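Pulled from Swiss-Prot, these are the features on record:
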CARBOHYD  Asn109  N-linked glycosylation site
CARBOHYD  Asn117  N-linked glycosylation site
CARBOHYD  Asn134  N-linked glycosylation site
TOPO_DOM  1-12  topological domain 'Cytoplasmic'
TOPO_DOM  34-44  topological domain 'Extracellular'
TOPO_DOM  66-72  topological domain 'Cytoplasmic'
TOPO_DOM  94-173  topological domain 'Extracellular'
TOPO_DOM  195-210  topological domain 'Cytoplasmic'
TRANSMEM  13-33  transmembrane segment
TRANSMEM  45-65  transmembrane segment
TRANSMEM  73-93  transmembrane segment
TRANSMEM  174-194  transmembrane segment
Amino acid sequence: MACGGFACSKNALCALNVVYMLVGLLLIGVAAWGKGLGVVSSIHIIGGVIAVGVFLLLIAVAGLVGAVNHHQVLLFFYMIILGLVFIFQFGISCSCLAINRNTQADVINASWWVLSNSTRHELERSFDCCGLFNLTTVHLHDDASCSALCKTRSSPCQMCGETFLKHSDKALKILGGVGLFFSFTEILGVWLAMRFRNQKDPRANPSAFL
């Protein structure tokens with residue numbers, strides 16, 4: 001059967017959802033690995049990554065079941081949810097690519113003071129830095145309580161803000177690029193589901209409704 005027929009659309013939709021399932025399982029696995037090795041101890045970060053992985057896994061399972069059974073209702077809701085995810089993810093990805101360093105610095109500065117002292121100290125040890133941006137009274141207090149390895153050396157410690165900016169700039173570009181790529185795969189998924197949903201199953205009763 002030529003590609004574009006019922007079997008080809010079904011196989012393409014199944015393959016796409018298998019990829020989504022693998023990505024979802026990968027996110028859950030990475031979060032569990034990071035928690036197990038102590039790479040990330042924040043329960044909010046771990047919970048967020050696992051939630052995204054589970055959500056993606058559920059969408060993929062719904063799409064896969066809908067594709068295998070040619071289930072009209074499941075395919076309809078799959079298209080709606082995937083379309084909404086595309087709009088949200090596309091907007092977030094564009095924002096990640098468009099955000100400048102000044103805005104990043106403001107976000108980092110605001111986030112730093114929300115963190116608990118234990119989380120700040122953990123970040124300082126991980127990135128081998130002390131304090132955030134400027135030599136204010138608060139920074140001096142942070143520097144005094146800092147337990148990073150750089151405190152044992154004669155040279156002054158680098159401020160964490162500059163280190164965070166370097167990492168955040170690179171991370172935002174990667175996240176934005178990956179997000180845009182997955183956004184277009186979601187549009188492909190919506191198109192495949194719509195096409196497949198409107199096709200007639202050759203094994204079904206010819207007089208039955210689509």
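In case you wondered, yes, glycine gets a Cβ from its N, Cα and C as well.
Here the topological domain 'Cytoplasmic' (66-72) is broken down by DSSP into helix, strand and coil counts: 5 helix, 0 strand, 2 coil. Secondary structure counts, DSSP: the topological domain 'Extracellular' (94-173) has 57 helix, 2 strand, 21 coil. Listed as Cβ neighbours of the transmembrane segment (45-65) (distance under 8 Å, sequence separation of 6 or more from its ends, same chain) are residues 13-14, 16-18, 20-21, 23-28, 30-32, 34-35, 71, 74-75, 77-78, 81-82, 85, 189, 193. Outside the transmembrane segment (73-93) by six or more residues, the chain places 59, 62-63, 65-67, 175-177, 179-180, 182-183, 186-187, 189-190, 193-194, 196-197 with a CB less than 8 A from a CB of the stretch. Note: the CA-CA distance between Asn117 (N-linked glycosylation site) and Asn109 (N-linked glycosylation site) rounds to 15 Å. Sequence-distant neighbours of the topological domain 'Cytoplasmic' (66-72) (same chain, 6+ residues past either end, Cβ-Cβ under 8 Å): 10, 13-14, 17, 78, 193, 196-197, 201, 204, 210.
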